[in-house]
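Copied over from Swiss-Prot, here are the features:
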BINDING   GLY12, THR13, VAL14, LEU15, ASP16, GLY17, ASN18, ILE19, ASP20  ATP binding site
REGION    358-377  region 'Disordered'
Amino acid sequence: MEPAWAIGLMTGTVLDGNIDIAMIRTDGEKVDAFGPYKLAPYPPELPILLGRALEEAAKWRFQGQEPAIFREAEAALTQAQALAVCDFLRENGLSPGDIKAIGFHGQTVLHIAPKDGRRGHTRQLGDGPLMAKIVGADVVYDFRTADVEAGGQGAPLVPIYHRALLDRIGGGCETAMLNLGGVGNISWFDGDQMVAFDTGPANAPINDWVKRHGRGNFDTDGRIALSGTVDEARLSRLLDHPYLNAPYPKSLDRNSFTADMAEGLSLENGAATLTAFSAAAVGRALDLLPERPNRLLVCGGGRKNPALMAQLRRRANVQAMDVDQFGMRGDAIEAECFAFLAVRSIRGLPISFPQTTGVSKPMSGGRLAPASARNAA
């Protein structure tokens, strides 16, 4: 197909109160052009509602009926993101007919990886048909369920987009891409070989630790961590966690590693220790790769944390660089990814692979809420 404009939406597990909206022109194989990008705020009450949904999800764990709050949160989230897309289109002089599709990831409230022969489970809040009705464009949503039902991890899905980005700059096996969101995930390529998995915690436990102490939603510029001292004995114990040395493919839920890891430490020392752990976990991940890269291109919010980036260079023994230095948009990459995956889904191209999620064969994913069915209704 000819490259077409698509919009991607992403809200991470850090619950920072924002929606990432990004537009790219793509055929689902290459990125032809980058369009506008916007960080749109949620209504102030929505992060609170989503936080309650996450709490209920942690209790539920796919046992029995879904918590009633899911329906309320899903409708509120979908409406907020749909209205943000409408504003985005209007601000950029666009109409729904100008875009091929919207890639709507939704909000992950619970993700349980497969284990000991048991299939995993995943739940993202996001009503594709409702968004299609509000915006007036085709919507691709529910990207992870098909992979999980086929025995895969359901994550990470971003590697195929990371590959398209690295192809633009000629990155080889000595370069990998690292996303630092709520959790960390890495993508590494060597010719046709592709490896990707979740490295461990990234921003989520640090943010939760800071919130717990009433110091805001995150460690601004890493100042709290930089004013503290890493508890090396605690860090050593944390690095004994079996996940870190487990073979890939593997994936994590936001709550797989929590702020409780720093319990008993001061605010500053806890932040420093959690930051060091997130970085050291990346080092363990690099050791698992077929060939250890010497350069990491870092995207996601974590790249803006000087304490985390410094610990990455020290604890992971790697050159860690902001992807913005390479003409990419580090804040937009995950949203761009779901625009890319939406087009791949429409074309029936795979979005998950044996080397990334452990699914038995490359497979497509996502469900389509088409404009024709919506308009007919």
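Just so you know, glycine gets a Cβ as well, placed from its N, Cα and C.
Sequence features annotated in Swiss-Prot and their locations in the structure.
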{"residue": "GLY12", "record": "ATP binding site", "contacts (Cβ under 8 Å, 6+ apart)": "GLY181, GLY182, GLY300, GLY301, GLU334"}
{"residue": "ASP16", "record": "ATP binding site", "contacts (Cβ under 8 Å, 6+ apart)": "PRO47, ASN207, ASN217, PHE218, GLY301"}
{"residue": "ASN18", "record": "ATP binding site", "contacts (Cβ under 8 Å, 6+ apart)": "THR11, LEU39, ALA40, PRO41, TYR42"}
{"residue": "ASP20", "record": "ATP binding site", "contacts (Cβ under 8 Å, 6+ apart)": "GLY8, LEU9, MET10, THR11, TYR37, LYS38, LEU39, ASP331, ALA332, GLU334, ALA335"}
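Secondary structure at GLY12 (ATP binding site), as computed by DSSP, is coil. Under DSSP, ASN18 (ATP binding site) is assigned to a strand (E or B) in the three-state scheme.
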